[in-house]
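Shown next, in structure tokens, is the structure this report addresses.
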Amino acid sequence: MHILGIDPGSRNCGYAIINYAPHVNSLKLIEAGIIKIKERDLQTQIMEFVEGIDLVIKNIHIDEVAIEDIFFAYNPQSVIKLAQFRGALSLKILQEIGNFSEYTPLQVKKAITGNGKADKTQVAFMVKRILGLKGEIKPLDITDAIAIAITHSQRIKTNDVHSTPNLQRAMPLKSLSANPSKGCI
């Protein structure tokens with residue numbers, strides 16, 4: 001099974017494809033790289049980003065996709081720009097693959113190192129150790145993408161891939177009404 005891990009960014013997008021064999025619990029790095037996005041107008045940048053993702057998807061058959069979720073940032077403009085890239089990425093993945101999973105940086109760090117507050121060097125060390133890689137992986141966007149793919153493989157192993165742990169219903173879905181007079185939406 002090929003898992004594509006993506007660390008989206010508005011300047012650099014890290015990606016990694018790992019082969020996961022669940023029956024023998026084996027992980028192997030197939031390909032990893034960076035999609036560099038040049039400083040241009042936003043529409044051109046988004047097109048370059050999507051074209052880069054398209055090349056990755058069309059080059060190797062992908063079974064599962066895992067994307068790092070948007071996290072808190074101090075600059076609202078950066079978050080808005082990243083959200084636009086994420087929207088384009090989400091649409092492309094849905095069109096080509098059919099679905100994807102998302103993981104927060106905290107979830108990835110905890111899955112890879114056991115510590116949700118681990119720094120990037122600790123994550124990089126564990127990624128290399130898990131995959132048995134020698135040498136340094138640069139830039140860290142690639143390491144993050146590999147870590148995201150590994151995190152997804154762990155969720156597959158525990159059959160927890162498509163769960164929604166944050167979803168809590170106060171009442172059964174069938175009892176919700178579209179009638180505003182009843183106070184439900």
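Placed from the backbone N, Cα and C atoms, the Cβ positions cover glycine too.
Because the structure is a prediction, the values reported are computed rather than measured.
Here's what Swiss-Prot has on this protein:
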type	residues	note
ACT_SITE	Asp7	active site
ACT_SITE	Glu68	active site
ACT_SITE	Asp141	active site
BINDING	Asp7, Asp141	Mg(2+) 1 binding site
BINDING	Glu68	Mg(2+) 2 binding site
Around Glu68 (active site), how many other C-beta atoms are within 10 angstroms of its C-beta? 24
Between Glu68 (active site) and Asp7 (active site), what C-alpha distance do you get in Å? 5
Sort Asp141 (active site) into helix, strand or coil using the DSSP assignment. helix
Rounded Cα distance, in Å, between Asp141 (active site) and Asp7 (active site) is 6
Specify the count of other C-beta atoms within 10 Å of the C-beta of Asp141 (active site). 26
